[in-house]
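Structure, as structure tokens:
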Amino acid sequence: MFIRSNRRAKIVATVGPASSSPAILRSLFLAGVDTFRLNFSHGSRDDHAAAYRHIRALEKELGTSIGILQDLQGPKIRIGVLHEGRLQLTKDAEIRFVCGTEPGRGLMDIPLPHREIFAAVKPGDDLLIDDGRVRVRALGVSDEFIDAKVIVAGPISNRKGVNLPGTVLDISPLTPKDRKDLEFGLELGVDWIALSFVQTARDMIEARSLVSDRAGLIAKIEKPSALDEIDDIVALSDAIMVARGDLGVEIPPEDVPGRQKELIRACRIAAKPVIVATQMLDSMVTSPTPTRAEASDVAGAIYDGADAVMLSAESATGAFPVETVEIMSRIIEKTEKHKFYRPILEATEPQIAHTPPHAVATAAADVALALKAPVIVAFTVSGTTASRISRARPPLPILALTPSEQTARQLGLMWGVVSLLSPTVDTYEQSVDRATQAAVQTGLAEKSDQIVVVTGFPFATAGSTNNLRVTQAG
């Protein structure tokens with residue numbers, strides 16, 4: 001049995017060429033990874049299937065539950081092939097986007113094989129090329145072309161990405177490739193599906209119709225239009241990822257920190273986990289130590305109340321994947337122990353509508369704190385009871401006992417929660433007995449310690465959080 005209780009916030013790490021071997025995956029997990037991410041923008045299905053098998057073997061070896069997150073590529077918009085493969089755009093130059101894959105007749109004609117863009121763009125709209133390095137503004141639009149003026153100059157080359165801030169495209173959030181990858185991931189048994197480039201709440205409805213309850217659904221927030229519908233998107237999702245890379249291209253960079261705080265708050269109100277992602281320790285792709293700004297960025301996300309922070313290239317292709325996880329874990333631990341951490345967390349606690357389940361969860365945190373209990377034990381089928389207690393951010397571990405293997409794995413994203421597979425209980429007394437035993441078996445409490453036990457009645461009913469008891473461990 002492996003139990004990690006040295007910190008509350010979680011770590012997500014991306015698997016790639018630098019980290020796909022069984023030995024490195026084991027080292028990453030022991031260094032602090034709680035959930036592994038399979039990025040389907042890169043690598044083959046065989047690569048991802050092999051990583052999946054290695055993680056599940058590690059899970060069995062250590063007697064623990066490890067979450068696996070499948071990140072779908074999404075509908076990436078790209079220009080086509082240029083006349084000479086490369087084009088230098090100068091400020092105020094006029095260019096023409098041509099609908100199709102082939103270059104137009106003129107040297108300044110840029111193929112754009114996405115007819116939905118020509119239907120959506122209006123004069124005055126901006127188009128960003130190559131992650132925002134080049135910016136052009138639409139002057140005139142037809143079904144076959146967009147005439148534009150260069151606002152920010154720079155070079156472009158074949159198949160560079162295009163972003164359209166503020167423009168909602170009439171496209172599915174799932175490409176044909178995504179749909180095949182999705183079915184592949186669900187057949188493997190991934191625990192989370194992350195949906196890229198979510199534009200509206202409708203995108204989540206479409207994805208849910210395919211995923212159902214076979215995995216948790218994560219909305220990646222990287223479009224301004226998603227920010228406009230964030231409450232509905234959170235309601236339709238099981239978790240949120242603050243994907244700051246593309247989001248920082250489509251909105252001004254100075255707006256990203258505030259938006260990050262807003263998204264974390266929205267998820268905390270809804271009692272759903274939120275992951276802060278992108279370039280958190282990016283310099284560690286090539287360096288054994290992070291910059292001080294990167295350390296502050298990780299700490300800032302923890303002070304904001306994020307459930308998890310994520311590594312991308314750092315663990316997938318970097319030279320120091322294990323060291324990166326170790327440093328990230330130490331930053332989280334140090335931040336959570338700082339004298340300002342609790343006051344900041346409590347000062348930013350959102351006001352939640354008073355319902356019996358919320359009242360019981362909040363009371364559990366308050367009672368545990370007053371009694372100096374070492375752990376709160378929660379019985380949960382769907383994970384909802386544990387998530388409600390997690391929302392209260394108690395300064396002690398939450399031991400979630402669940403009969404569901406999927407729930408145990410998914411709780412690897414939830415702040416402060418340690419999950420343990422446990423048989424379904426039939427009576428209230430059985431639940432208390434099991435809680436007291438598990439608290440000691442996991443090392444989270446000692447015999448005779450007072451612990452707080454939270455259950456729901458009727459038993460094995462998802463979402464019923466209505467009972468609290470103080471008892472002795474042992």
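Backbone N, Cα and C atoms are what each Cβ position is placed from, and that goes for glycine too.
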Swiss-Prot has Asn39, Ser41 down as binding K(+); which of Asp71, Asp92 does it also list for that site?
Asp71
Which of these binding-site residues is closest to Asp246 (substrate binding site) if you go by CA atoms: Phe40, His42, Arg78?
Arg78
Rounded to the nearest Å, what's the C-alpha distance separating Arg37 (substrate binding site) and Lys160 (ATP binding site)? Just drop the number here, would you?
25
Counting only other Cβ atoms and using a 10 Å cut-off, which of the recorded positions Arg37, His42, Lys220 scores lowest?
His42
Which has the fewest other CB atoms in a 10 Å radius around its CB: Asn39, Ser41, Thr278, the listed binding-site residues?
Ser41
Have a look at the recorded positions Phe40, Arg78, Lys220, Gly245 and say which one has the shortest Cα distance to Asp71 (K(+) binding site).
Phe40
